[in-house]
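The following features are taken from Swiss-Prot:
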ACT_SITE  D137  active site, proton acceptor
BINDING   P86, I87, G88, S89, G90, L91, G92, S93, S94, A95, A96  ATP binding site
Amino acid sequence: MIASAPGKIILFGEHAVVYGRHAVVSAINLRCRVSVRKSDRFLIRSSLGESGLDYQRHPYVVQAVKRFGELRNIPGAEIEIESEIPIGSGLGSSAAVIVATIAALNAEFDGDMDKEAIFQMAKQVEIDVQGRASGIDPFISTFGGSWLFPERRKVEMPFKFFVINFGSRSTAEMVAKVAELRERHPEVVDKIFDAIDAISLEASDVGSAERLEELIAINQSLLRAIGVSNPEIDRTIAELERMGLNAKITGAGGGGCIFGLFKGEKPKGSFIVEPEKEGVRIEE
């Protein structure tokens, strides 16, 4: 059986959401596809290579197999992974492979998991591997759509976005950097988080592309203020602004991706994504 699950883009609220503020997050039309076939042994194939249940090479897939194995006896499986989502970019590649793996295992081994059960298991796998997790990524990958968190209220997001990928970065490092800044200047940083919170709430009900673009620019200025941008990102955003395009970091920052509203002309080095209404699904 083959299952696929979408990646995600944090539109507004990164970092602030860690401290109880709101975030707007959308599934995107880039998918991870996982094929599972019954076998007498375990074999995993992906862009990272071929292995058995090798945790070092395929931690999320191996842990998903182990968790699913607590529900159903699995003597072996051939698992093949193909993904359109750039790894380590902040676009939800890890959650997508977890969710798609669990859904494909469930279909191939005649499980009875619904989407809520798939999400709960995927969230647990994410915690197993990362130590802690908000659950936002596996939720988006499972259910699709655009949402306001933490309420999990569906929002309308009828826009396409350009995305520029600056390569992988350490989420933990960026989160720690912001935490240290907040320790030194708690009142200042909390006021910045409050402003980001207001942006997320306004963006969840935004009606026009013009207003959304303004919020993108304001949010990026606040992310720069808490130290999660870098000179390369700043230069690129400045170049885009000269072209009449606003852009902001999505995710942890320090690398990863930036995005902006797609107006018909694709900026150099970018790719185009759009919100994806459908979450995990069985392909065949």
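Each residue, glycine too, has its Cβ placed from N, Cα and C.
In the three-state DSSP scheme, the residue listed as 'active site, proton acceptor' is classed as helix. Of all the Cβ atoms in the protein chains shown, 15 others lie within 10 Å of the Cβ of G88 (ATP binding site). Each of G7, I85 belongs to the same chain as P86, I87, G88, S89, G90, L91, G92, S93, S94, A95, A96, is absent from that list, and has a C-beta within 8 angstroms of the C-beta centroid marking the ATP site. With respect to Cβ neighbours within 10 Å, the binding-site residues P86, G90, G92 differ, and P86 shows the lowest count.
Around A96 (ATP binding site), a 10 Å sphere centred on its CB holds 35 further CB atoms from the protein chains shown.
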